[in-house]
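Listed features, source TrEMBL:
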type     : residues : note
TRANSMEM : 21-43    : transmembrane segment
DOMAIN   : 39-166   : domain 'Tripartite ATP-independent periplasmic transporters DctQ component'
TRANSMEM : 63-81    : transmembrane segment
TRANSMEM : 102-123  : transmembrane segment
TRANSMEM : 143-162  : transmembrane segment
Amino acid sequence: MSVVRFKGKILNVGKSIKLAIYKLSALLNILGVGFILIMVLLIVVDILSRLLFNVALQGSYELVEYIMGLVIVFALGYTQIKNGHISVTTLIEMLPESAQNWANRGVNLVGLAMFALITWQTFEKAGMEVKAGTTSAVLYIPKYPFMYACAFGFAVLTLVYLMQVLMPDEEDPAQEEKQDLIV
């Protein structure tokens with residue numbers, strides 16, 4: 001087998017992995033949107049029950065607090081794919097295009113390292129919460145499932161950064177296949 005064919009097969013595998021990670025990010029984003037709807041429903045029911053029946057929905061604050069964490073973490077990977085995070089590019093834009101590409105790769109490498117550590121530490125903390133049996137104050141909901149879900153969201157973001165470091169010149173593989181990941 002020639003080197004060119006082998007390299008082509010590796011690139012195809014890389015594109016397939018990148019596509020799978022991007023689709024997983026889009027799925028998490030859709031779940032995040034679903035959680036927003038649940039959060040809105042909880043808040044509306046709580047407000048209406050206070051106004052109409054003068055009774056607060058017990059634990060609604062806790063549930064909204066937990067769900068909000070999931071909404072944020074589940075959207076991170078998809079936002080990174082769509083370049084939706086805030087970036088200051090004033091100096092970078094003055095560089096030649098090749099230097100801009102290397103600067104972007106460096107920024108993605110820093111993001112990869114940072115979120116790999118955050119993922120690891122969040123998994124560690126979730127494990128400690130399992131052992132400690134920590135729960136919420138009102139509804140006694142265990143914290144660890146939400147922490148593991150957050151760690152999973154961070155792990156997906158880490159994989160997105162990894163793909164952007166390893167295959168920086170590649171466009172969104174879903175766009176290449178005419179698949180739209182937009183929710």
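We number each residue from 1, going along the chain as drawn.
Quick reminder: no glycine exception, Cβ is built from N, Cα and C everywhere.
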Exercise for the section: With pairs restricted to those 6 or more apart in sequence, evaluate whether the transmembrane segment (21-43) and the transmembrane segment (102-123) have 3+ C-beta pairs under 8 Å. Expected result: no
Handout entry: Positions whose Cβ lies under 8 angstroms from the transmembrane segment (143-162), at least six residues beyond its ends
Key = 21-22, 24-25, 28, 66, 69-70, 73-74, 76-77, 80-81, 108-109, 111-112, 115-116, 118-119, 122-123, 125-127, 129-130, 134-136
Practice task
Report the mean pLDDT of the predicted model across the domain 'Tripartite ATP-independent periplasmic transporters DctQ component' (39-166), rounded to a whole number.
Solution key: 94
Completion exercise
For the domain 'Tripartite ATP-independent periplasmic transporters DctQ component' (39-166), the DSSP helix/strand/coil residue counts are 99 helix, 2 strand, 27 coil
